[in-house]
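Positions annotated as domain 'FAE' by TrEMBL: 25-312. Under the heading active site, TrEMBL lists Cys168, His247, His343, His347, His376, Asn380. Here TrEMBL flags 341-422 as domain 'Beta-ketoacyl-[acyl-carrier-protein] synthase III C-terminal'.
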Amino acid sequence: MEFLTLLYGATALYLCFLIWKLFDQRRDRECYILDYQLYKPSDERKLGTECCGKIIGRNKHLGLNEYKFLLKAVVNSGIGEETYAPSNVIEGREANPTLLDGVTEMEEFFHDSIAKLLARSGMSPSQIDVLVVNVSMFACVPSLTSRIINHYKMRDDIKAYNLTGMGCSASLISLDIIRNVFKSQKNKCALLVTSESLSPNWYDGNDRSMILANCLFRTGGCVILLTNKRSLKHKAMLRLKCLVRTHHGAREDAYSCCNQKEDEQGRLGFYLAKNLPKAATRAFVENLRVLSPKVLPTRELLRFMIVSLIKKLRQSSSLKSSSSGGSNKSSKSPLNFKTGVDHFCLHTGGKAVIDGIGMSLDLCEHDLEPARMTLHRFGNTSASSLWYVLGYMEAKKRLNKGDRVLMISFGAGFKCNSCLWEVMKDLKNANVWEDCIDCYPPDSLANPFLEKFGWINNVEDATTFKLPDFLLK
């Protein structure tokens, strides 16, 4: 009898040990952000109205119709006068970029932002176990990861990943790689480096679907320090709750809607097709379908199920009314994402992208403000744009302990990636917004382009039209 009692007791203790071990292992698989550093180029690289006009004037392949198209695109883009361009564009060498231009652009960002991040966090380069770099439109040998490892003399056993061609959603793909490493290995620190190379990719032709990229994309980047160490949890800013990736590359229309290619004259650029919004919407809806059960409370999911059931019961009467009086189909999501999300970090792909997501999720102007202001101040910085939006929220002191932040990004392929973060402490660092955050939001986001160059819309004779001399100097 005593033996059975001991056996049962030992079995119960062993089961308790297994349960504790599973719980303990799960704690080692968390993904925390310790700190991040955004990149702000020097002021001489700012693209003011006059500078933009001169860059456009240097392109000898544009005609009157292209000038009118560019004016309309820039005015409606939501971009202001303080965004940044690569040095070769400012210096007038965008038509003939060199390999050195691309390497220099990346190294200026690496050496500035990584050094600042490591210094502020008090972490040595030798403490980095995993390095992930994503720059979609630039690949070199040695790789960008190797250049960072060489410059900072990182360890021989560091795990390095160099991603290219993943588009504007690449930073969340890099994050997914780090999360998966953290799941299998404990006590690790990772460095995520996200940017885009514009130096060799500034389009110098006249294809409207390709010159549009010049109006939207700007120089930027972000370096993020992550860990799964329990001992550093108290220093963490954010904790990753979930991450969802959606890839529609198997669909031909989605696959080809945005890609890097040469135009009919052999000029390299980034092509944006007219069906891009449709492809983005499909990927977005599919992503939300998987994401919503992970981020929304049970009460909201139950409400959605009840509302859906009622709609099905009324389907027959709705069909009759639509056949007689037309359809009022809404693009708004039937789910209220604000019940599970406090802040929305949206990809700054353009004013239309921000408006579209805002309408779909029924967001107010307060929710959209960080994305709009980021687009105005820094433009579309590709994969790093999400982190500038996060930086705006932090600079405005919106992020408090316990808040939940949803990031949504889109990228070529076509991809839609999203993730949810939990804020671990009140965040107040202004980062690169420090010198201008008090000026945002401004009274007006109107672009001065129309005031300065609006006269071009009154020109009708393309055969005799000539640009003013001040744009040709």
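Backbone N, Cα and C define each Cβ position, glycine as well.
Note: TrEMBL annotation is automatic and uncurated.
Within the same chain, residues at least six positions away from His376 (active site) with a Cβ under 8 Å of its Cβ are Gly78, Ile79, Gly80, Pro442, Leu445. In terms of Cα spacing, the active-site residues Cys168, His247, Asn380 that come within 10 Å of His347 (active site) are Cys168, Asn380. The average pLDDT computed over the domain 'Beta-ketoacyl-[acyl-carrier-protein] synthase III C-terminal' (341-422) stands at 95. Distance noted between the C-alpha atoms of Cys168 (active site) and Asn380 (active site) is 9 Å.
Taking only the Cα positions, the spacing between Asn380 (active site) and His247 (active site) is 21 angstrom.
Separating the Cα atoms of His343 (active site) and His247 (active site) is a whole-number distance of 25 Å.
Ranked by Cβ neighbours within 10 A across all protein chains shown, the active-site residues His247, His343, His347 are led by His347.
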